[in-house]
Amino acid sequence: MGESEMKKDTIILGIETSCDETAASVVKNGREIMSNVVASQIESHKRFGGVVPEIASRHHVEQITLVLEQAITEADVTWEDIDAIAVTEGPGLVGALLVGVNAAKALAFAKKKPLVGVHHIAGHIYANRLEHEFVFPMLALIVSGGHTELVLMKEHGDYELIGETRDDAAGEAYDKVARMLKLPYPGGPQIDRLAAKGEETIEFPRAWLEADSYDFSFSGLKSAVINKIHNAKQRDLTLSAEDIAASFQASVVEVLTEKTYRAAKEYNVNQVIVAGGVAANTGLRKSLEKRFSGEDFPLYIPPIQLCTDNAAMIAAAGTISFEKGHRSLLDLNANPSLILS
């Protein structure tokens, strides 16, 4: 029997509905994307200036069947080919998560397939493995709307939290400042675009915290920006939105970059990866690439389409769990406050 006959490919169907994207994907061996379908709801939430949970859930219900069918069709696979179904079980919006979890449970039952629950942030981390194989020990900087964390990994599926935000996540701060500047939703990309046209003319605070801490804090920065805008209005002064964006972004990016660099050095890692929606930010990407250039370990940032929520990353993370023998029962429930462990 040849080696190819001995080792069968592992094909996983991934499902992601934790926030405002309904997504399904088929991934082979945790590395090869066979299909990656995403139905975004940005237009539906734009007029509200943020994600409305009830609307998000309704859209997921409308889209989930179509998205799943499209993912299977585009991958050109049958249900016989699929080894397991991986689904985001948390964290996220509970109503949104339930749509994906229930769809996954129904399919697992009907098609007699193993079910694997996946942590959303583990998914963001494993989006990187769709581009580059992991080399341990490895450091992951996770920056998204709800999370800002530094995670040390010594092997697949092993997550040691060495730093996290003590208040607002970086993405939350971006969204709140964007609303103050009356920018359309989603605010993060809008600030990134404005910042590219502005100058860092305003000295906003950097929260370094304790000397040995890898934690983050963005609430003070957010308040400083809001106060600056309010004070300017009261004095009838006109502040450049571009300069506010550039100054705000410089503060966020410097802290993220320096703490990541310091942690990478202290823990003597072989690889640094960046994950999450804010990893699409061009200011952050440039800062990290500049800081890590010339180092003897690589920095990897996934392409834009793998930074934002998608199901390929859930299938990639689910592959590792599946191969380690992890299985979820059919009473799996959505867990909006699931801890990465």
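Cβ coordinates come from backbone N, Cα and C, glycine included.
Since we're looking at a predicted model, the values are computed, not measured.
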Subject >> Annotated companion of Ile142, Val143, Ser144, Gly145, Gly146, Asp175, Gly188, Asp192 at the substrate site, Swiss-Prot, chosen from Asn36, Asn268, Asn270, Asn281 >> reply: Asn281
**OP:** Report the candidate from Asp309, Asp331 that shares the Fe cation site with His120, His124, as recorded in Swiss-Prot.
**Re:** Asp309
Original post:
In the structure shown, which of the binding-site residues Ser144, Asn281 has the fewest Cβ neighbours within 10 Å?
Top reply: Ser144
Original post:
Among all the protein chains here, how many other CB atoms are within 10 A of the CB of Gly146 (substrate binding site)?
Top reply: 19
Subject >> Maximum Cα-Cα separation (Å), residues Ile142, Val143, Ser144, Gly145, Gly146, Asp175, Gly188, Asp192, Asn281 listed as binding substrate >> reply: 18
Original post:
C-alpha of Ile142 (substrate binding site) to C-alpha of His124 (Fe cation binding site): distance in Å?
Top reply: 8
Original post:
For the Fe cation site given as His120, His124, Asp309, which other residues of the same chain have their Cβ within 8 Å of the site's Cβ centre?
Top reply: Glu16, Ser18, Thr88, Ile121, Gly123, Ala127, Ser144, Gly276, Gly277, Asn310, Met313, Ile314
Subject >> Cβ-Cβ distance under 8 Å to Gly188 (substrate binding site), same chain, at least six residues away >> reply: Gly145, Gly171, Tyr174, Asp175, Ala178, Gly277, Val278, Ala280, Asn281
